[in-house]
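Annotated active site per Swiss-Prot: Glu174, His250, in sequence order. The active site, nucleophile annotation in Swiss-Prot covers Cys368 and is backed by sequence analysis. The substrate binding site annotation in Swiss-Prot covers 19-28, Asn110, 137-138, Arg214, Asp252, Asn362 and is backed by sequence analysis.
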Amino acid sequence: MKTVESNFDGLVGPTHNYSGLSVGNIASKSNQSGVSNPKQAVKQGLEKMKALHDMGFVQGVLAPQERPDIHTLRRLGFSGSDSEVLKKSYQYSPQLLAACSSASSMWTANAGTVSPSADTADGKVHFTPANLINKFHRSIEDQVTGNILKATFSDEEHFVHHQALPHSDYFGDEGAANHTRFCREYGEQGVEFFVFGKSAFNESYLAPKKYPARQTLEASEAIARTHGLREQFTVFAQQNPDVIDQGVFHNDVIAVGNKNTLFCHQQAFLNQEKVKSDLSDSYGSGFNVIEVPTDKVSVQDAVETYLFNSQLITKADGTTLIILPEHCRQNSRVWAYLNELVEQKCGIDELHTFDLKQSMQNGGGPACLRLRVVLNEAEQKAVNQHTLMSEELFTTLNLWADKHYRDRIEDKDLADPQLLVESRAALDELTQIMHLGSIYPFQK
């Protein structure tokens with residue numbers, strides 16, 4: 001085994017629904033109150049994981065959150081039995097119940113930020129769960145996210161787990177959706193690239209006007225310090241506020257990177273020429289930028305198709321594959337541009353699309369669904385092996401989903417006490433399948 005970039009995808013939870021909770025995420029709001037299909041959603045995610053496993057990539061699975069989150073609803077003043085808490089919250093504040101029932105943890109690009117051992121001062125892999133304070137429904141995730149990460153990467157000889165940053169607007173952190181890493185080989189020192197939307201302390205920085213900037217410069221700097229990153233190999237850049245106002249709520253909706261390649265839109269960053277120069281200076285010779293011009297692909301097309309919310313991955317033969325949502329194939333302008341790219345041989349060699357409709361309608365493409373974790377040979381062996389995709393796990397999880405998941409959920413179903421029973425039964429069995437221990441509040 002050699003050092004690899006593994007992908008750990010989030011398993012879609014049993015309460016997957018369309019509550020339109022994410023302001024600034026156009027797909028999420030436009031599908032609000034639609035009827036979701038959790039069983040189809042989890043199977044679409046599993047199909048993507050299995051396909052990458054079959055291609056020879058190291059593919060892991062991260063467990064979902066416990067939802068509905070009865071513990072949080074009790075903290076917010078709803079009392080009685082669990083079924084009474086559900087009934088009262090739906091009666092008096094259906095928005096709170098929806099927020100506490102969200103399956104948004106499927107998008108593990110927001111689970112946290114990961115720095116490989118080649119980049120850190122102590123030579124260990126560092127994890128920091130994202131606090132996600134910009135959206136209430138996601139701000140209640142980080143404690144259990146930390147539990148899941150610790151159960152997946154438990155060996156203290158190789159892995160270091162930090163607490164989420166303080167829950168404050170000053171340190172708004174959205175995890176790996178605003179972070180990428182460039183390197184020549186995965187096991188060598190890389191350049192870690194942090195993208196922020198605003199500065200909390202310095203008012204001279206520009207900021208979006210219509211939609212919130214979810215990541216602060218101060219949060220990104222704090223994570224770089226916490227992970228022990230080397231200053232000369234760390235680059236901070238500001239996302240273009242204008243594209244945030246057009247629905248680009250995370251950097252991974254307008255740019256994606258891998259090894260020596262940055263694939264981004266022409267309007268992705270503020271002072272884009274300087275950003276490219278800073279990255280090239282830190283990386284050295286051979287840094288490759290594929291910049292998509294606005295006259296080829298508009299920001300609107302990029303957001304609607306999630307062109308950049310794709311996975312750039314290097315195959316065993318050294319060629320680069322891009323994993324795209326099926327929406328890209330269905331947009332003639334985007335698909336024509338992608339095929340031009342492949343013909344030009346400028347760093348992307350192969351296109352592969354997946355049908356991720358259930359996730360896409362809630363505002364998350366292929367890149368949202370995965371957390372990248374670079375692992376050397378010893379670290380791969382130290383991972384909880386029961387969380388790694390295999391023929392057996394794929395079959396087991398599909399049968400598990402058939403047993404526990406509904407094929408239809410609408411808003412009123414979130415108040416059904418039976419959904420809570422079903423969800424907890426599913427998660428209890430999942431922790432046994434994946435050998436995670438008691439990671440959920442209901443198991444304590």
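The backbone N, Cα and C atoms fix where each Cβ goes, and this holds for glycine too.
Features per Swiss-Prot, on structure.
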| residue | record | DSSP class |
| --- | --- | --- |
| Ser19 | substrate binding site | coil |
| Asn110 | substrate binding site | helix |
| Arg138 | substrate binding site | helix |
| Glu174 | active site | coil |
| His250 | active site | coil |
| Cys368 | active site, nucleophile | coil |
Item to complete: Using the structure shown, find which entry in Ser19, Asn110 (the binding-site residues) has the sparsest Cβ neighbourhood within 10 Å.
Response: Ser19
Worksheet item: Between Arg138 (substrate binding site) and Glu174 (active site), what is the CA-CA distance rounded to a whole number of Å?
Response: 10
Worksheet item: Are any of Ser19, Asn110, His250, Asp252, Cys368 (the recorded positions) within 10 Å of Glu174 (active site) when you go C-alpha to C-alpha, and if so which?
Response: Asn110, His250
Worksheet item: How big is the gap, in Å, between the Cα of Ser19 (substrate binding site) and that of Cys368 (active site, nucleophile), rounded to a whole number?
Response: 18
Discussion item. Measuring Cα to Cα, how far is Asp252 (substrate binding site) from Cys368 (active site, nucleophile) in Å?
Written reply: 8
Fill in: Cα-to-Cα gap, Asn110 (substrate binding site) vs His250 (active site), nearest whole Å
10
Worksheet item: Between the residue listed as 'active site, nucleophile' and His250 (active site), what C-alpha distance do you get in Å?
Response: 10
Discussion item. For a quick check of understanding: among the recorded positions Arg138, His250, which residue's Cβ has the most other Cβ atoms within 10 Å?
Written reply: His250
